[in-house]
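Sequence annotations record features per position, and here TrEMBL assigns domain 'Aspartate/ornithine carbamoyltransferase carbamoyl-P binding' to 2-123. The carbamoyl phosphate binding site annotation in TrEMBL covers Ser32, Thr33, Arg34, Thr35, Gln59, Arg83, His110, Pro111, Cys112, Gln113, Cys246, Leu247, Arg274. Per TrEMBL, the feature domain 'Aspartate/ornithine carbamoyltransferase Asp/Orn-binding' maps to 130-285. Among the features that TrEMBL reports, L-ornithine binding site is placed at Asn142, Asp206, Ser210, Met211.
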Amino acid sequence: MLVLAAELKKAPFSRRPLEGPRGVAVIFEKNSTRTRFSFEMGIAQLGGHAVVVDGRSTQLGREETLEDTGAVLSRYVDAIVWRTFAQERLTAMASGSSVPIVNALSDEFHPCQVLADLQTLAERRGNLTGLRMTYLGDGANNMAHSLMLGGVTAGIHVTIAAPAGFEPDPHFVDAAKRRAAETGATVTLTEDAQAGADGADVLVTDTWTSMGQENDGLDRVRPFRPFQVNSDLLKRADPEAIVLHCLPAHRGHEITDEVIDGPQSAVFDEAENRLHAQKAMLVWLLERA
C-alpha cells in the first residue's frame, strides 16, 4: 500500500476506480480539518463523489441499528468512511455493510494517520525495517495504539514514552508484541522521555488532550511537560531523526515552534501524505471488494 501511495503522489490521476462518479459516504461524528479535506479531494481524484454528512444530524445508532445503517448505505455507495467514537460502532456497521468501511479515526485507533506517517518515514529514511520510532505523550490515545501496531507491522522498533497513568491499553500492547515477534520488531514502554528519545530515528507526538477529554478531570499539562518535543530532547535522537505530529499542534505544549518549524520536522509533508495514503487505501479496498 505504501508503494501505491508513492505512485499516486507522483501521478494523482493515474487510478480512477470511482469513475462514474461512484459515491463514497464520508461521515463525521467528530470535528475534522485534514481528514475531511484529504478524503474529499482524494475521492474526487479517484473519479468519485464524496457524500459528506455530519453524523450528529443523522439517525446513526439512535432509531435504527448501526448494522441496518451499514446495510442501507451499501445500497447507495461503494465505500464508507467514518470518523466516530468507540471502535465498536465501526465494527457494528461493518457487520451489516457489504462495502468497505474505513476508520477515519475512532477513540482507539487512527489508522489513516499512521499510514501517512509510514509513507513520510519511508520518503525520508528509505527502508523502514529496523528503524527506531519513539512516541512521546499520552500513551493511552489512538495515535499511540496505532503507531504501536502499524510500526511493528512495518518492522519498526516502537517505544512509547508516557507519564505514569497514561500508558497504552495493555490489550493493544500485547497485540503489538505478538505482531512484533513475527516481524523482528520490539515494543518498549518507558516513563523516561529522555531515555525514549535516545538514538531514535523518528520522534512522534500528539496533543495531550484528545477530542472528548477536555472535561475528564485529569491534569493533562503538568505530567506531560517532561515529554515536550523541544530542541533539547531532539538532540538526544539520531542526528538525522525526523519529527512527526498528526496535527493540530498545540505549539508550546507538546511541541515547540523551533522543532515543528525546524529542518528535522516532516510534519507538513506528513499532513500532505494523508491525501496520498488514503487514496492508496481506497484503491486497495475497492479493487478487492
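Backbone N, Cα and C define each Cβ position, glycine as well.
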Of the binding-site residues Asn142, Asp206, Ser210, which sits closest to Cys246 (carbamoyl phosphate binding site) by Cα distance?
Asp206
Here the binding-site residues are Arg34, Gln59, Asp206; which one has the lowest number of other Cβ atoms no more than 10 Å from its Cβ?
Gln59
Compile a sequence-ordered list of residues in the same chain as Asn142 (L-ornithine binding site), six or more apart from it, whose Cβ lies below 8 A from its Cβ; state 'none' when nothing qualifies.
Leu105, Ser106, Asp107, Glu108, Phe109, His110, Ser210
What Cα-Cα separation, expressed in whole Å, is found between Arg34 (carbamoyl phosphate binding site) and Asp206 (L-ornithine binding site)?
15
How many whole Å apart are the CA atoms of Cys112 (carbamoyl phosphate binding site) and Asp206 (L-ornithine binding site)?
15
Over the domain 'Aspartate/ornithine carbamoyltransferase Asp/Orn-binding' (130-285), what does the predicted model average in pLDDT?
96
How long is the line from the C-alpha of Ser32 (carbamoyl phosphate binding site) to the C-alpha of Asp206 (L-ornithine binding site), rounded to the nearest angstrom?
15
For Arg274 (carbamoyl phosphate binding site): intrachain residues, at least 6 apart, with Cβ closer than 8 Å:
Arg34, Thr35, Ser38, Cys112, Gln113, Ala116
How would DSSP class Cys246 (carbamoyl phosphate binding site) in three states?
coil
Validating a neighbour-count step here. Other CB atoms within 10 A of the CB of Ser210 (L-ornithine binding site): how many?
19
Could you round the CA separation between Asp206 (L-ornithine binding site) and Gln59 (carbamoyl phosphate binding site) to a whole angstrom and send it over?
32
